[in-house]
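In what follows, a structure is listed as structure tokens, so that the remarks can point back to it.
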């Protein structure tokens, strides 16, 4: 069965500072809340070439609400100036009945912020506590032990620029250091819990090593050390759906899937054409994996066959390429999308073009250049009016099964997801939508016009592969 995969941008937000991490709130009542963190090196106007730069950051809080076709869905609720932010993660369960956001900063601190709601219904973050990991360190990542909804003995694991892994316990309004040890020779880019056994911790470092640790045995030696990645390991995520399944990503541009019982040989190896900075399993669909690939955009992988032991690469079922800089932060929202999947632009290209010309005077403001050397358009016209998603560019592609087909016993017949992603040097946050539907259930027609995004390609063995970047018409600042 052929499946239609489509992505379309809903809104673009300029974060002003370089954006590197974004997270939707996982607590049901607050699924429409989005946080975004930024990182910027700043020198004063009189600073010399040898003067150290200051690392500054800003934490943004947004609310997503579908208010009709002519209203932008994302609204800013709050911005907090902070030290530069390397990672943010919401705790998967409420703490004191409220969502809790953890933040790893360039000052070497872990900060916790509680989401509060006023009587008027306005949400805001309030600082709860912070804890330093040590002098002259950058906190690089964090993860919560609550990935499967376990609310007892809530802990945080964090990695830092000195190659250490830190485990901390959460009190009522405090963080307490439980253990700290030297895990890697260089920066420890990532640390993560096994969500099925939270006494197990994983870490990845710039020494190209992936390591496992059992907190019951102490940190004197790892339970395993893998050198399967050929460059720095910067992403690790335990599957919340399947026991012992682990996804790892690296600067070597590979995504590896592992069974924790055999860390000598991965289940699958997928080349994505860009350093894999972040990996996120879908919160409800067990076979879907989101990858932020630095120099090669954002991709959604379907991992069913790999997890069932085929040994092949995961299928790439969608790509989002509208960013123009390093792809760092990405996340799935659990918010239900009320609107049905969009129809093919072939059916309505002429009518939408005439609508656009009538509503915007025939002009869409050019915002930045796309990797395909055609121009992406902003979601505002030249007078600053919002252009609704129904009139904005989208992408469409048909993906042939069976490699990319969902399992009907597990997955729904169609998938519609709200996504967020952010990129570094262009300091942009994008909110976008992905729809994946059976071909016969959607609208007909698959041809693509010049303004559409690239289709998912077919690689050797019937596996879809992430397409490489096209040459730019202008020089990138990367």
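Heads up, the Cβ atoms here are built off N, Cα and C, so glycines get one too.
Counting residues 6+ beyond its ends, the repeat 'WD' (226-268) has Cβ neighbours under 8 Å at 147-148, 186-187, 189-196, 200, 202-212, 274-281, 283, 286, 289, 291, 293, 296, 301, 303, 306-307, 309-314 in the same chain. As annotated by TrEMBL, repeat 'WD' applies to 226-268.
TrEMBL lists 339-404 (among others) with the feature region 'Disordered'.
Taken from TrEMBL, the feature compositional bias 'Low complexity' covers 388-402.
Per TrEMBL, region 'Disordered' is recorded for 446-478 (among others).
Broken down with DSSP, the repeat 'WD' (226-268) shows 0 helix, 21 strand, 22 coil. Across the residues of the repeat 'WD' (226-268), the predicted structure has a mean pLDDT of 97.
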